[in-house]
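Visitor: Please find one structure pasted underneath; my questions will follow.
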Amino acid sequence: MSIMDDLMEGRIKLYEIERHVPVDEAVRIRREFIERTCGVKLEHVSNYSIDMERASRRNIENPIGVVQIPLGVAGPLRVRGEHADGEYYVPLATSEGALVASVNRGCSVITRAGGATVRVTGDSMTRAPVIRTGSVVEALQLREWIYENMDALREEAESTTRHGKLVKIDPIIVAGSYVYPRFVYTTGDSMGMNMVTIATERALELLTRETGAHVIALSGNLCTDKKPAAVNLIEGRGKSITAEITVPGEMVESVLKTTPEAVVEVNTAKNLIGSAAAGSMGFNAHYANIIGAIFLATGQDEAHIVEGSLGVTIAEERKGDLYFAVNLPDVPLATVGGGTGLETASECLDIMGVRGGGRVHAFAEIVGGAVLAGELSLMGALAAGHLARAHSELGRG
C-alpha cells in the first residue's frame, strides 16, 4: 500500500506524512491528495524556489506549495532618519493595481522635496495576561503587589531571554475580580511576540507562587495583539514611527496637480472628521495598503497589518507650502526571525539593506517614509479628483 492509499483510506493523517518520507516528497503527496480530493489542479502552487524543508520547521504546517503575489518596487525614496539616511527602493507585494504607482509618485515628491524626516518614537512589544482573584479588594491588592515586586518580576522575565528587557508593567487594569497587567518589553531586532510570551509566563510563575492568584489566560487581550485597539493607539506597540515632509507649494501644484489648501481640507474632512464619524481608530487614508505590501514582501506577521492601520495623518498649510506627516503608533517589525528568513523575504530586506541584526530601526524608518509617500500621493489624488481615473487606468477593475 502507498502513502496516498493510506491517506485516501484514512489510515494516516495529513500531518503524519513527514514521518514516512522526506519533506519535499511529503509536500508533493499532500498536494496530490488535495488535487484528488477537491478535483483541482495545483500547477502554480507547486512551483516555488524556497527551501520547504526549512520552512516546514519554522513557518508552516501541512505544506502543499507556495502562493505567489506580484512584487513591485517604489523609489528612490529619500529618508532622513537616525538609522536610515539615504535613498531607498521599497519592495511592495500586492495584487492591487495602482498601489505601487501611487507610492512611487509619493516617493518622487518626497525625494524632490529633500527627503522625509523620520523618527522611531517608541519601541515595545507587549503581553497582557488576565488573572483572577476572589474580589475587587483582592484584585487591588494584587495590583499593588505587582508594583511593589517589579524588580523580582523583571528578573524572572529577563532570565528567559538574552535580548528582551522588561521596561514596565503598565497599565494594570482592574475589572471586577480580574486583573490585566500589560507587560511592556523591548525585543531587539525580532518582532518579539514569542519572546515576551515566554518571559511573561516565567514572571507569572513567581506571581502565582507568591500570591495564590490564578492566571486565566496568558493573553487577556489588553496586549492588544492582532486587533485594532485604543490602548495601542495611545500607548504604542511594536515600533512607533513618525514621518514628515514639507512640500513646496509649487511642487504640490506641478506634481500632485492640486494645492496645499485642498490637501489640508481633504485631510480634515476625510481623515479626521470622517474617521471620527465612523468611530474609526485609523485617522488616515490607507496606511494598511503600504504596511500590508511591505509586510507580505519582507516576511512580517501579516496579521499585524491591522495594527499598522492605526494612526493619524496631519496636513497643514505653512506659508504657501504643505506640511504633511504620518504617525504610526503600532507597527510590529522584525529583521530577524519568523518569516524574515524565507528566501524571498530575505531578498526584499536586502533591497533596503536591512536584513539581519542591528537594522530594525532603519527598517522602521524606511517603512515610515514609504507610508508617508503612499498617504501623500493618495491625498493628493483625492484633492485633485484623480482617484477614480487612476484606478480605471491602472487598477483595471
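In case you wondered, yes, glycine gets a Cβ from its N, Cα and C as well.
Quick paste of what Swiss-Prot says about this protein:
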ACT_SITE  GLU96  active site, charge relay system
ACT_SITE  ASP301  active site, charge relay system
ACT_SITE  HIS391  active site, proton donor
Visitor: What count of other C-beta atoms do you get within 10 angstroms of the C-beta of ASP301 (active site, charge relay system), across all chains shown?
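Guide: The answer is 18.
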Visitor: Reported as an integer number of Å, what is the Cα distance between ASP301 (active site, charge relay system) and GLU96 (active site, charge relay system)?
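Guide: ASP301 (active site, charge relay system) to GLU96 (active site, charge relay system), Cα-Cα distance: 20 Å.
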